[in-house]
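J.: For reference, the structure I am asking about is given below.
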Amino acid sequence: MTAETRIHELRAELDQHNYRYYVLDEPSVPDAEYDRLFNELKALEAEHPHLVTPDSPTQRVGGEALSAFSQVRHEVPMLSLGNAFEETDLREFGRRVVEGLDQPGAVDYSCKPKLDGLAVSLLYRDGQLVQGATRGDGTTGEDISANVRTVRNIPLKLQGEGWPAVLEVRGEVYMSKAGFDRLNAAQAEAGGKTFANPRNAAAGSLRQLDSKITASRPLEFCCYGVGQVSESIGDSHIGVLEQLKAWGMPISRELRHAAGIEECLAYYRDIGERRNSLPYEIDGVVFKVNNLAAQRELGFRAREPRWAIAHKFPAMEELTEVLDVEFQVGRTGAVTPVARLKPVKVAGVTVSNATLHNMDEIARLGLRIGDTVIIRRAGDVIPQVMQVVLERRPDDARPVEVPSACPVCGSQVERTQLVKRSKGKETTSEGAVYRCVGRLACGAQLKQAIIHYVSRRAMDIDGLGEKSVEQLVDEGLIGSPADLYKLAFEQIVGLEGFAEVSSKKLLDAIEASKRPSLARFIYALGIPDVGEETAKVLARSLGSLARVQQALPQVLTYLPDIGLEVAYEIHNFFEDEHNQKVIEQLLASGMKLQDEGELAAEFAASTTLAGMIAKLDIASVGPTGAEKLVAKLDSLEKIIAADGIDLRQALAAKQADAVREFFKDEANQKLARDIEAQLLAFGMHWSCEKKVAEGLPLAGQTWVLTGTLERMSRDIAKDKLESLGAKVAGSVSGKTHCVVAGPGAGSKLAKASELGVKVLDEDAFVTFLAEQGIVV
């Protein structure tokens with residue numbers, strides 16, 4: 001037998017032993033025999049180095065150290081999950097799923113423990129592991145290929161056959177409790193750093209630049225799903241996981257089906273009771289709608305899937321003493337109390353600070369400085385004060401007082417009453433917030449505003465980290481975001497961290513930031529409660545900064561996922577004279593927003609008179625009543641002028657009286673007319689609806705999306721089609737105009753072929769969009 005033949009035999013045998021040991025939990029040989037085979041292979045490869053291949057079991061020991069990790073863009077974003085902390089949260093999730101699917105019978109869910117580790121992506125091409133990456137921010141992660149190759153139960157080559165040419169496997173790298181204990185014991189014996197908990201140990205081990213260190217750590221991998229795949233590998237989530245297991249991927253041994261939310265709750269309770277006896281740390285349970293077609297139908301909300309949720313376990317709690325309460329100043333000027341605690345370990349982490357949120361929370365707790373309190377890590381991450389232990393209160397405990405002057409700049413601190421709004425009306429009190437009135441004259445607010453403005457997801461000005469921003473502010477070089485565009489080379493060269501080359505690069509990055517998208521610019525402004533997704537909705541729907549600035553709160557609620565609270569935050573931000581001045585300065589610096597344009601067509605055609613009436617919050621008049629009213633009185637002016645007789649012909653007496661009473665108030669008349677006038681000015685008034693719809697190229701057509709699209713998500717594809725006037729349906733029928741089919745298309749594609757419906761693959765679809773002036 002040749003050395004090459006024996007090497008191939010040994011690799012195949014060792015791969016099979018690894019599969020049986022790590023995936024099936026059925027060891028086929030004693031450890032000593034495995035070690036003998038491994039050492040034989042290692043010796044043969046040393047004698048014949050030209051026969052060493054990347055997928056050999058001997059190549060898990062690590063290679064040369066890296067200087068830094070390179071970035072990897074996820075073709076399919078690695079989204080985070082929404083959380084449920086109470087049974088009511090999970091039941092509400094179940095209700096939304098049932099409502100979204102509109103199907104009879106219990107929904108089938110997959111259930112598994114939520115490992116407390118680090119999410120990673122493993123990319124296989126033709127069965128070979130070619131890349132490993134961290135989750136990062138969900139869009140961009142770090143290339144940790146060398147490190148994941150050292151994790152013992154990650155197959156370097158897939159088992160069996162039939163795997164797709166491209167297969168991205170996603171899962172969690174973690175450290176078992178036993179492995180963690182062994183690692184810490186070894187670290188302590190060697191005089192090295194010990195880790196607070198298994199998650200920190202796993203994360204720190206996986207992100208080592210020297211993969212030899214990673215190889216020495218007891219890391220494990222558990223698969224929980226897939227990302228990009230070149231062809232379908234199943235029609236259910238559990239089916240996909242079972243197929244991955246057949247190809248050598250370790251999956252959770254606790255994976256189960258559940259028929260409906262009550263069975264999910266039973267699973268959650270069972271895992272919770274066994275939590276401490278499990279060989280690994282978990283912080284909850286993950287439930288996913290099992291049927292993949294149902295997942296696609298439910299889709300996503302912002303950066304979370306609507307078909308999955310993580311039900312978290314209650315956090316671990318400890319007692320400690322409040323040594324002091326200090327006040328921090330945030331980006332919006334909010335003065336927030338923070339408890340300084342006698343250090344205590346909670347769930348393996350030393351906690352010395354805890355959030356107190358606001359003064360109302362301090363009042364609710366009855367907290368005083370010197371008190372003994374119960375703290376917990378909410379969601380196992382953020383320390384919170386839960387309760388004061390009154391029987392341990394010392395005689396010298398002191399009440400907490402809000403500073404009258406800002407602890408940073410000395411400006412006055414004002415108390416602002418918060419209110420909960422209901423469709424334009426101020427209702428119940430939501431407590432109060434204390435704010436420093438110094439705005440950008442306050443160093444803390446200015447620094448946080450600039451840090452947010454230059455961040456990667458905002459204006460993406462490379463070279464300006466927190467320390468650099470603090471230095472520029474402390475040196476008096478910037479007093480607002482607009483001052484960044486006035487910086488000169490001579491001002492920054494020589495500052496700490498800025499040599500000639502880095503100074504030039506920073507100025508180039510600042511100049512490059514003058515061409516942002518509208519969404520980035522809106523997000524960079526730091527509007528309270530406006531994150532990336534909301535900024536994208538504003539930009540995509542309204543199309544221009546001017547419309548966003550002018551929009552009334554009630555008009556903003558017509559946009560997807562924007563409620564009245566957020567709408568008022570947006571409106572109030574742009575009404576503020578100081579903010580207007582900052583925006584004027586930014587635009588005067590040469591800022592050119594790159595994608596301003598018209599109102600989104602689907603948004604322009606989405607409003608109706610009935611919808612507007614329903615949003616006015618007239619007592620007892622909901623969407624159905626509004627439809628009845630508009631069927632009788634087809635204009636706002638007719639409704640305002642209607643007497644009781646006209647109104648009672650459309651509505652029940654109680655509703656008719658409510659409408660008449662509402663419009664007796666001149667302020668309500670003005671509000672309704674202002675809303676209508678703005679809708680008309682924006683081109684989204686119902687009188688424009690027919691004209692807008694008829695003028696779109698796909699008006700009256702029904703399209704269907706199926707399979708996995710690689711160049712865009714299905715939600716984005718749906719938005720593109722709807723912007724052209726098409727209706728996007730979930731099933732194929734004789735009325736379907738066209739089907740867009742990506743890899744993995746199944747029954748819908750077959751149905752289209754059967755009915756003779758036109759089918760476009762993704763390339764043809766992208767070409768079609770380009771012909772309509774839409775670039776992907």
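Easy rule for this one: first residue shown is 1, then count along the chain.
Just so it is clear, glycine is given a Cβ too, placed from its N, Cα and C backbone atoms.
From Swiss-Prot, for reference:
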type	residues	note
BINDING	ASP31, ALA32, GLU33, TYR34, ASP35, SER80, LEU81, ARG135, GLU172, LYS288, LYS312	NAD(+) binding site
ACT_SITE	LYS114	active site, N6-AMP-lysine intermediate
BINDING	CYS406, CYS409, CYS436, CYS442	Zn(2+) binding site
DOMAIN	693-776	domain 'BRCT'
J.: Counting across all protein chains shown, how many other Cβ atoms sit within 10 Å of the Cβ of CYS406 (Zn(2+) binding site)?
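T.: So the Cβ neighbour count for CYS406 (Zn(2+) binding site) comes to 24.
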J.: Compute the C-alpha separation of the residue listed as 'active site, N6-AMP-lysine intermediate' from LYS312 (NAD(+) binding site), stating it in Å without decimals.
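T.: Each residue's Cα considered, the residue listed as 'active site, N6-AMP-lysine intermediate' and LYS312 (NAD(+) binding site) end up 8 Å apart.
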J.: Pop the Cα-Cα gap between CYS442 (Zn(2+) binding site) and LYS312 (NAD(+) binding site) into the table, whole Å please.
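T.: On Cα coordinates alone, these residues lie 39 Å apart.
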J.: Taking the binding-site residues one at a time (LEU81, CYS409, CYS436, CYS442), which has its Cβ surrounded by the most other Cβ atoms within 10 Å?
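T.: The most densely surrounded of these binding-site residues is CYS436.
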J.: GLU172 (NAD(+) binding site) has how many other Cβ neighbours within 10 Å of its own Cβ?
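T.: GLU172 (NAD(+) binding site): 22 neighbouring Cβ atoms within 10 Å.
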J.: If H, G and I count as helix, E and B as strand, and all else as coil, what does DSSP give for CYS406 (Zn(2+) binding site)?
T.: coil
J.: Rounded to a whole angstrom, what is the C-alpha distance between CYS409 (Zn(2+) binding site) and LEU81 (NAD(+) binding site)?
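T.: Distance (Cα to Cα, whole Å): 39 Å.
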J.: In which DSSP state, out of helix, strand and coil, do we find LEU81 (NAD(+) binding site)?
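T.: Note: LEU81 (NAD(+) binding site) is coil by DSSP, not helix or strand.
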J.: Beyond the listed site residues CYS406, CYS409, CYS436, CYS442, identify every same-chain residue whose Cβ lies within 8 Å of the center of their Cβ atoms for the Zn(2+) site.
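T.: So the additional residues around the site are VAL329, GLY333, ALA405, PRO407, VAL408, GLY410, SER411, VAL413, VAL437, GLY438, ALA441, GLY443, ALA444, GLN445.
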J.: Provide the three-state DSSP residue tally for the domain 'BRCT' (693-776): helix first, then strand, then coil.
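T.: The counts are 31 helix, 15 strand, 38 coil.
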J.: What's the CA to CA span in angstrom from GLU172 (NAD(+) binding site) over to CYS442 (Zn(2+) binding site)?
T.: 43
